[in-house]
């Protein structure tokens with residue numbers, strides 16, 4: 001089935017905002033419309049096995065990889081590419097631009113900021129290339145207001161620490177500083 005043109009749809013926000021849920025929802029819509037879809041997830045995120053799984057247990061099968069270069073040949077045979085945990089792929093900008101220019105639809109779910117509220121640079125670079133950017137909020141796990149930030153519970157300083165509610169909380173601006 002021929003696509004009407006390539007595009008990049010970026011879904012950003014803190015942890016527990018529903019980014020993976022939205023990614024799965026959009027990919028399933030394309031599947032219902034009989035588009036060939038590929039979903040990719042970050043290889044080091046082995047919390048849920050082979051697949052993208054939301055915190056409420058919704059799942060879609062996915063190809064695990066550490067580098068988007070590894071799925072480029074598979075990508076030639078699909079029309080829609082979903083990428084979860086996009087912030088962990090260093091070459092996501094060049095990959096998405098190349099694939100969108102080849103007529104493919106890219107749906108990328110990613111954190112926009114680190115636990116230190118610093119930007120994931122590669123995701124920020126993707127924003128001006130995207131046709132659609134959706135910024136989701138979570139619920140603050142302390143005061144239950146809108147949460148725009150991810151707060152790490154441990155004292156680790158490295159950026160890439162894979163985890164769920166055991167390691168992170170979604171928080172509002174006020175509760176970030178508690």
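Using N, Cα and C of the backbone, Cβ positions are placed for all residues, glycine too.
Pulled from Swiss-Prot, these are the features on record:
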- 13, 14, 15, 16, 17, 18, 19, 20: ATP binding site (BINDING)
- 85: active site, proton acceptor (ACT_SITE)
- 115, 159, 160, 161, 162, 163: substrate binding site (BINDING)
- 140, 143, 172, 175: Zn(2+) binding site (BINDING)
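Where Swiss-Prot records a feature, it is marked here on the structure.
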{"residue": "13", "record": "ATP binding site", "Cβ within 10 Å": "24"}
{"residue": "14", "record": "ATP binding site", "Cβ within 10 Å": "27"}
{"residue": "16", "record": "ATP binding site", "Cβ within 10 Å": "23"}
{"residue": "17", "record": "ATP binding site", "Cβ within 10 Å": "25"}
{"residue": "18", "record": "ATP binding site", "Cβ within 10 Å": "19"}
{"residue": "19", "record": "ATP binding site", "Cβ within 10 Å": "27"}
{"residue": "85", "record": "active site, proton acceptor", "Cβ within 10 Å": "21"}
{"residue": "115", "record": "substrate binding site", "Cβ within 10 Å": "22"}
{"residue": "140", "record": "Zn(2+) binding site", "Cβ within 10 Å": "23"}
{"residue": "175", "record": "Zn(2+) binding site", "Cβ within 10 Å": "18"}
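Taking CA atoms as the reference points, residue 143 (Zn(2+) binding site) and residue 16 (ATP binding site) are 15 Å apart. DSSP classifies residue 13 (ATP binding site) as strand under the three-state reduction. Look at the binding-site residues 15, 143, 172 and count other Cβ atoms within 10 Å of each Cβ; 143 has the fewest. Highlighted in sequence order, 141, 142, 144, 145, 147, 171, 173, 174, 176 have their Cβ within 8 Å of the centre of the Cβ atoms of 140, 143, 172, 175, the residues recorded for Zn(2+), and are not part of that set.
Other than the site residues 13, 14, 15, 16, 17, 18, 19, 20, same-chain residues with C-beta atoms no more than 8 angstroms from the centre of those residues' C-beta atoms, the ATP site, are 111, 136, 138, 170. Residue 17 (ATP binding site) and residue 140 (Zn(2+) binding site) have their C-alpha atoms 10 Å apart, to the nearest angstrom. When the recorded positions 85, 140, 175 are screened for a Cα within 10 A of the Cα of residue 19 (ATP binding site), the ones that qualify are 85.
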